[in-house]
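J.: Pasting in a structure now, in structure tokens, and then I'll have a few things to ask.
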Amino acid sequence: MIDAREWSRSDTIALLRVPTAEDDKYSRGVVALRTGSSAYPGAAVLGVEAAWRTGAGFVRFVGEGRAADAVIARRPETVAALDVGSTRVDAWVIGSGTNPVHRPWEEERALREILAGTAPVIVDAGALDLARTASAPLVVTPHAGEFARLRAGLDLDPDGTGDRADDAAEVAAALGATVLLKGATSIVAAPDGDVVAVSAAPGWLATAGAGDVLAGMLGALAAGNREARPADTAAAAAWLHGYAAARAAGATGGRTGHPIVALDVAESIPAAIEDLLS
């Protein structure tokens with residue numbers, strides 16, 4: 001049984017990069033998201049919103065239709081196009097708000113090209129089935145049900161051992177990638193066997209779209225901390241996600257708090273970062 005270290009507030013602060021006079025929008029990190037669908041356009045909006053609010057200097061959205069329209073309506077700073085061409089991308093976010101059962105072959109080809117690149121990729125939801133084919137640096141972000149399917153795709157027992165830290169470490173080793181297993185306490189496992197637990201989240205965070213927000217946050221932190229270990233950026237994103245949710249829900253200082261929606265969490269990120277850095 002693996003003894004997972006508890007990720008802390010100070011660990012998170014170390015991954016928050018304060019821009020200097022020498023920075024520009026590119027040096028602060030360029031995130032590209034290929035997320036959302038006609039069925040779930042909101043996933044694209046939530047991820048893009050979170051990436052901006054976590055401090056990305058430039059956010060690109062790759063897509064069209066309802067998802068692209070919704071993104072631009074909410075965040076007109078975003079550059080939306082059908083592809084990124086030869087432009088700079090420091091980190092990708094893929095899969096949020098998509099379903100592999102309904103994935104066109106053109107979309108699968110585009111996702112496989114991203115996964116064969118060199119930029120870090122945050123792999124969520126509907127792209128998790130492609131993770132085992134990747135050569136790019138990965139962070140996979142499954143919830144419990146997705147994690148069982150991911151294990152099955154790796155020829156591992158879908159039910160695991162019952163110990164989430166051990167099970168996440170096994171998948172990380174099999175994939176050669178970082179695993180962020182989401183839950184009331186999230187587990188982050190690196191392929192080298194290092195495992196941390198992140199337990200900053202209030203129960204109010206169990207709400208639709210929260211994972212889309214987390215994926216966008218992680219994309220921004222990965223893009224802005226290009227020398228950091230993927231497992232560290234994943235743990236920092238999970239901790240900040242929980243802390244922003246606690247602030248949004250008023251669940252701090254021993255208070256019970258109140259219901260929130262995913263967009264509340266995204267909107268709370270800047271104030272959460274300010275508090276951590278003050």
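Cβ coordinates come from backbone N, Cα and C, glycine included.
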J.: Among Gly160, Gly209, Gly211, which residue does TrEMBL annotate as binding AMP together with Lys182, Gly183, Ala184, Thr185, Ser186?
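T.: When TrEMBL describes the AMP site, the candidate it includes is Gly211.
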J.: Gly97, His143, Asp212 bind (6S)-NADPHX according to TrEMBL; which of Ala43, Ala44, Ala262, Ala266 goes with them?
T.: Ala43
J.: If you skip the near sequence neighbours and keep only those at least six away, which residues in the chain come within under 8 angstroms of Ala43 ((6S)-NADPHX binding site), Cβ to Cβ?
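T.: Listed in sequence order: Thr35, Gly36, Ser37, Ala67, Ser96, Gly97, Thr98, Ala125, Gly209, Asp212.
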J.: Tell me the Cα distance separating His143 ((6S)-NADPHX binding site) from Thr185 (AMP binding site), rounded to the nearest angstrom.
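T.: Counting only the Cα atoms, the answer is 11 Å.
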J.: With a radius of 8 angstroms around the mean position of the C-beta atoms of Ala43, Gly97, His143, Asp212, what other residues of the same chain does the (6S)-NADPHX site pick up?
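T.: Sorted by sequence, the hits are Thr35, Tyr40, Leu46, Gly47, Gly95, Ser96, Asp124, Ala125, Gly209, Gly211, Ala215.
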J.: For Gly97 ((6S)-NADPHX binding site), what is the secondary structure by DSSP, using just helix, strand and coil?
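T.: Gly97 ((6S)-NADPHX binding site) sits in coil per DSSP, no helix or strand.
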J.: What other residues of the same chain, not counting Lys182, Gly183, Ala184, Thr185, Ser186, Gly211, have a CB atom within 8 A of the CB centroid of the AMP site?
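T.: Everything else in range on the chain: His143, Leu181, Ile187, Val198, Ala201, Ala238.
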J.: Let me make sure I understand the span of the AMP site: among Lys182, Gly183, Ala184, Thr185, Ser186, Gly211, what is the greatest distance between any two Cα atoms, in Å?
T.: 14
